[in-house]
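Step one of this worksheet: look at the structure below.
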Amino acid sequence: CCLGPRVAAAATDYAPYFYDNGPNSNNGNMALLNLSEDTPKGTQIYVLNGTDPEGQPVKYGMTFEPGSKEYFRVHPKSGAVTLIDELDREAQDEIEVFVSISDGLNKVAEKVSVFVMDANDERPQFQNMPSIVDVPENTTSGNSIYKVQAVDRDTGSGGSVTFFLQSSEPSTKFAIDHHSGILRIKPGETLDYEKSRTHFITVVAKDGGGIYKGKHQVMSSSATLTINVIDTQDTPPVFVGTPYFGYVYEVSSPGSEIFTVFAKDGDMDNPNPIMYSIDSDGVFAINRTSGCIILKVNPADLRREVYNIKVKASEVSPEVKRLDFAVTTVTIRVVDLNNHPPTFFGENGPQNVFELTMYEHPPEGEFLRGLKITVNDSDQGTNAKFHLRLVGPGRMLRVVPQTVLNEAQVTVLVEDSAAMDFEKSQFLTFKLLAVEIDTPERFSATADIIIHLLDTNDNAPKFSSDFYIARIPENSPGGSSVVSVTATDPDSGLWGVVKYSIYGSGADLFLIQPDSGIIYTQPWVSLDAEVKSKYNFYVKAEDTDGKYSLAEVFVTIMDLNDHSPAFHENSLEKTMVIGAPVKIEAIDEDAEEPNNVIEYSIMKSDPDDIFDIDADTGEIKLKSYIKSMDIVQNITNHKDCTWSVVVQAKDRGSPSFSTTTVVKIDITETQLRGPLTSFLMKSRENPLQFIGLISGVIIIMVFVTVFISTIIYVRNVKSNKILPSCRIIRRKCKPRRLDDFQQPFREEHFGGKFRNEDLEIPTADNINCNNNVKVCSYRAPPSPPNAPVMPPPLPTHYRHGERGWTVPTVSASVASKTKKRSHRGKDNPVNTALVSELKLRLEKTEHSNQDAYILTS
């Protein structure tokens, strides 16, 4: 009972089948599929598509004929067909393949054909190229000489072939039919063996173009056709070596060979014999086979200098018939023999030496009038033509004419006047050459030209140097020799005598010997390097005609150590604060180093060995271990603490000079500390440094005041713009009382907070005299001022950190008896109160409890 239904289900299972979607579909059973041969390998070209009536899953398969190449592969589930090998339509244009579909029980297979479509992937192939063609040179233009054949295996337009010529020659003589490939000689063109024996023609075959891999492509091939031109008898004879020239000399005899002509057949591959003939009036003859021209008469009977004869060369056929011919002209000259060389002549006949006396430096372009030279060649024509050339030192002279025919008068011109210098050479020698130009013998002649030069005054005296430098000690007596200058004049005689003189701003102290050039100091001169150490002046060298030259003389007065160092005072008094040096200074009036370089040293001190001195600057300091007055008191019993030091100032000259002085040093100890005190103590020796510091502080205060005033003005302007209804009314000030200015402080407001008995004035000496007292001598300081009253409350718009005025301060020192610390602390409001009160007391009345400003709106 259970097997019955199963057998019934198996009996009704139908086989799967492919869909037949036609050849234009990309899925189905692949029947009649068209595929281009340029399809890339790996491309999916089709999808097999089928179904099972029972809806069972199907699998696809693909097989080929045994022994055939497999081009495709199918995916068993998706049915995608992929190209696995390159296609070539020219090798195989149809592919048979078996495709199958199976549902596991039933399998259906079908044989289908895939057609490979053409792509333009083939080049035209020549069938008869490259090739060599022989063409006679007399071939008529327009005739065909060759047919080019080429085949393209592609179909359609890609298989059609057209032909073109690609020639390397500028203008080819050939043309080709684009379709038939027939090669012809262009109309109007001819071949010429004598001009070109071979032609190389490049033939290009192109297809009609087609699609390849999605792009339009034109394929072409090329091949070379060699055309050999065959010679024919069409060229007349050609004379070789033209033009022809022959000569008949005066010693020639009848029968002498004058010249030989030569001709050859223009058709070189198959030449014919040549026969010569001459057209003459009986003067010359020619050998018919060799072409040798012969003189028939005596040269004395010739009536012309030049004969132009016509020579004819004719081709002779094997049948002894005259064919083509050529004619040329032979020029025969009757010439004289070159048997006379050029010759120089003077006034009395042939002459080889010519002499002349003249002054040096004649004007350029002038000819030498004392020379009378003639040159002659007795030959005729070209034998009498020669060159003239002058050979000698430099290019002083030039000869004219330079080319002579038969005879000429020779003229010598001056070309370089400066080179004709008596001082360089008193006589000049030149060679005059005459050399034939166009003769084989090149005969020549020479003559000597000797010029004696006379001197002129053409040179100014010249110093051995453009400047002279001399050094002379300052203790040299008057009349001492300074330096010797030398100038020479190369001119001869009196022109070479030189006289010397000096002039210039520095020449008053010196004199010169006019003949020798030795420069001396004036007898009355006393030189001093400290007064003036440099002098310069000019020395003049002049000849008898007034020609001169100048040189500059620099004289340096050498400093001697003739001054001793000098202190400003014989006895110096200095006040020294412990920790700060004092400086002494000496001056040496010598002009140069090392004579004016001073070294300082301590010769003696009382007490001994407590001071050090800087050898270069003269600064005296206490020994480093002396740091307080207590140590000073332990060293000496003197209560005034004034010590004496003997200081020596010594220069470095040779010999060396020295000076000593006694320096009295008052030792004290400052009560003030800090860098400012040290600076002030050091500035005692240099007041200008202190004045410069004060000036700088004043300038900075002015700039700060201007800056603060500008800020206040800008702020007030902005406040007025914001509150236009507000204005400040300033109460009119009453006349101030003198006693208010002198007594700005009163003690009743603070209840004795600052009392005289609580303050103590220091009793230290006013060392720098800068404590706002009228004189620098010491006096007891005034009593301190009373404490000021408290200032009024600040305005409501006042901001912390702003200062309305700059208040002068009192520079007296105030110290407490019991405390070293200042009464004014950092956060004490009395500071601000004091500043405000001082300004208000100076500008307003005694009403201290009233407000300074009233703000109204």
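The backbone N, Cα and C atoms fix where each Cβ goes, and this holds for glycine too.
Heads up, TrEMBL stuff is auto-annotated, nobody curated it.
As given in TrEMBL:
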DOMAIN    35-126  domain 'Cadherin'
DOMAIN    127-239  domain 'Cadherin'
DOMAIN    240-344  domain 'Cadherin'
DOMAIN    350-463  domain 'Cadherin'
DOMAIN    464-567  domain 'Cadherin'
DOMAIN    569-677  domain 'Cadherin'
TRANSMEM  690-714  transmembrane segment
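Per DSSP, the domain 'Cadherin' (240-344) is made up of 3 helix, 52 strand, 50 coil.
For the domain 'Cadherin' (464-567), the number of residues in each DSSP class (helix H, G, I; strand E, B; coil) is 7 helix, 47 strand, 50 coil. Taken through DSSP, the domain 'Cadherin' (350-463) splits into 4 helix, 58 strand, 52 coil. For the domain 'Cadherin' (127-239), the DSSP-based tally of helix, strand and coil residues reads 4 helix, 55 strand, 54 coil. Looking just at the domain 'Cadherin' (240-344), the mean pLDDT is 84.
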